[in-house]
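To keep things clear, I will list the structure first and then write my remarks on it.
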Amino acid sequence: MRHLLSLLVLLIASAALVSAVPAGSIITPQPPVEPVHLLSSQPSDPRRPWIRLRDWIIESIWGIEKPASRRFPLNDSPRNRSPPSRILARYGSDVVLRFSLRNHDEAEALAQAADILFLDVWASTPAFVDIRLAEEVIPSLLGLLPNSLQTAYTPLIDNLAERIYTTYPSKKPIGLEGQSGFASSSRPAPKFGDLFFHEYQPLSVIIPWMRLLASMFPSHVRMISVGVSYEGREIPALRLSAGSSTAASGPRKTIIVTGGSHAREWIGTSTVNHVMYTLITKYGKSKAVTRLLQDFDWIMIPTINPDGYVYTWETDRLWRKNRQRTSLRFCPGIDLDRAWGFEWDGGRTRANPCSENYAGDEPFEGMEAQQLAQWALNETQNNNADIVSFLDLHSYSQTILYPFSYSCSSIPPTLESLEELGLGLAKAIRYATHEIYDVTSACEGIVTASAADNNPGRFFPIGGNSGGSALDWFYHQVHATYSYQIKLRDRGSYGFLLPSEHIIPTGKEIYNVVLKLGSFLIGGDSFDVDWESELFDLSKDESDLDSRYSKSNDRSPAYLHNANGPLPNIDEDEDKEWVMVEEEDYTDDDDDDDDDDEEEEEEEEDTYWATEHTYEFRRRR
């Protein structure tokens with residue numbers, strides 16, 4: 001009854017909200033918005049209209065009084081200051097709770113309560129469910145649960161605003177030193193790769209960086225687009241290949257690696273970047289990597305959801321879906337991992353576009369999913385490609401999932417091979433960092449209503465998967481025999497807000513996955529390569545991705561190039577080295593003047609450094 005009343009109030013209130021949304025017939029990409037401007041503004045209520053409506057429903061129906069503003073201690077932040085007002089206003093009372101489940105009835109009760117209250121389910125397994133909600137909603141949630149669940153929870157994140165703030169890049173880069181136009185002679189210059197992966201990077205930095213890699217390594221790297229987003233942004237990718245594809249040689253075996261389907265899962269985007277950078281820079285030096293690029297085309301797509309990814313940097317760090325308009329214009333967005341055409345089951349969420357799992361009103365309504373599918377089909381039908389593997393990186397829970405996602409009653413015909421390779425991938429990850437990744441079918445953990453066939457309007461995806469997934473589509477439609485969805489770090493301590501120091505270790509884990517996958521596919525023809533010795537090995541403490549960047553050089557660089565400008569022509573035969581620095585204004589004053597530094601820091605507002613700085617790439621002779 002409460003659920004029906006909630007929906008009734010929602011429909012009545014939606015009319016007023018819809019009329020308040022400006023109409024527009026043409027969708028054009030918006031110019032980049034500096035987060036510092038957003039954070040420094042003082043909106044009367046920065047919550048999205050849907051969130052305001054949801055909170056009003058809860059307060060009205062369950063009689064919850066609006067709590068006083070939550071107070072954050074200034075010393076809690078690693079930056080020694082509280083989050084900016086915009087973050088506090090949006091997330092100030094939000095927490096993440098983990099509920100422990102003991103049986104199906106408890107899972108079903110929690111599913112129903114989360115559905116009624118429109119809660120954001122972060123992750124779920126047959127043993128636990130992580131839910132994000134406002135503190136003031138906790139009494140309402142507990143009131144809808146059986147007694148056994150009312151004490152079966154623990155707080156995972158009790159200061160969500162603070163945790164969100166720490167995921168954005170710090171104001172100052174790490175390890176940058178020296179004067180403008182010169183590399184330091186006292187120690188090696190900062191390593192290009194390490195510097196880039198010290199922080200999460202916005203799309204405005206990632207795309208110029210990809211262009212630079214394509215220009216630096218034209219022999220085996222080419223920048224391509226696999227489609228256009230709903231707001232008109234290109235979906236960028238790098239094609240890594242050192243082989244040739246002709247009709248005489250037969251179809252070119254192709255492996256696709258994607259990230260960022262869900263916008264808030266930044267670690268997926270950063271991991272794709274790290275893996276492709278490692279493959280690019282190790283080509284010609286590593287026998288294993290050289291063999292991989294000779295035998296396969298690698299399509300590396302950092303994010304298939306550029307609109308959503310940009311939105312997480314500019315407005316809402318925890319945005320999940322794309323930014324496509326829906327039937328409820330104040331609830332935009334389609335879940336791109338439920339929008340694919342194979343066994344699409346979007347009827348379950350069709351009535352609620354505000355759901356984080358909303359799959360659209362029909363298969364492939366999600367623009368970016370449609371674009372990637374069309375590109376993949378065109379590759380196989382017209383460009384002599386044979387897509388043999390698909391790796392889809394998500395977060396979180398440290399799990400390797402194989403098809404099928406839509407149903408456990410359907411057994412994939414290559415199940416034995418999928419399980420064998422999946423266990424091998426998990427072993428390769430342990431080799432890199434000693435982290436444990438579980439291996440299971442993507443369907444396991446799906447919890448539906450006990451009479452799902454008679455009540456198709458509701459479901460609770462414990463494992464985060466269902467019909468319409470990219471995993472199932474690539475496996476079934478284009479016959480990518482070895483298709484996996486890999487949920488990256490961690491197991492819940494940080495959730496979607498994984499600290500940036502995990503970027504490089506996670507990248508090493510998936511690099512090992514790529515090596516293991518390649519060696520498995522090449523099989524008996526790879527005796528000339530010692531694959532195991534090429535893996536990242538924690539016991540060896542490999543701190544360098546490429547030893548060439550550890551050489552010191554006391555000569556001033558003769559070439560400067562701004563990453564956001566046009567790329568130069570580079571002679572691939574020249575043996576040059578590159579380092580990355582930040583463009584800054586330097587003076588002859590002592591840079592170590594502590595008094596000046598302290599005074600400057602007091603005057604500065606909190607900013608997101610990565611969206612304000614400009615990278616330069618310096619060529620060393």
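Every residue, even glycine, has its Cβ placed from backbone N, Cα and C.
Per Swiss-Prot, the substrate site holds His262, Ala263, Arg264, Glu265, Asp337, Arg338, Ser395, Tyr396; the candidate it also names there, chosen from Arg320, Arg323, Arg325, is Arg320. The disulfide bond recorded by Swiss-Prot for Cys354 reaches one of Cys331, Cys408; that cysteine is Cys331. What surrounds the Zn(2+) site, by Cβ distance within 8 Å of the Cβ centroid and not counting His262, Glu265, His394, is the set Gly259, Gly260, Ser261, Ala263, Arg264, Gly268, Arg320, Asp337, Leu393, Ser395, Lys487, Phe496 from the same chain. If you take the C-beta of His262 (substrate binding site) and look for same-chain residues 6 or more apart in sequence within under 8 angstroms, you find Gly268, Asn305, Gly308, Arg320, Lys321, Asp335, Leu336, Asp337, His394. Spacing of Glu265 (Zn(2+) binding site) relative to Cys354 (disulfide bond) is 19 Å (Cα to Cα, whole number). A distance of 17 Å separates the Cα atom of Cys331 (disulfide bond) from that of Arg338 (substrate binding site). The distance from the Cα of Tyr396 (substrate binding site) to the Cα of Cys354 (disulfide bond) comes to 22 Å.
Mapped onto three states, the DSSP output places Asn378 (N-linked glycosylation site) in helix.
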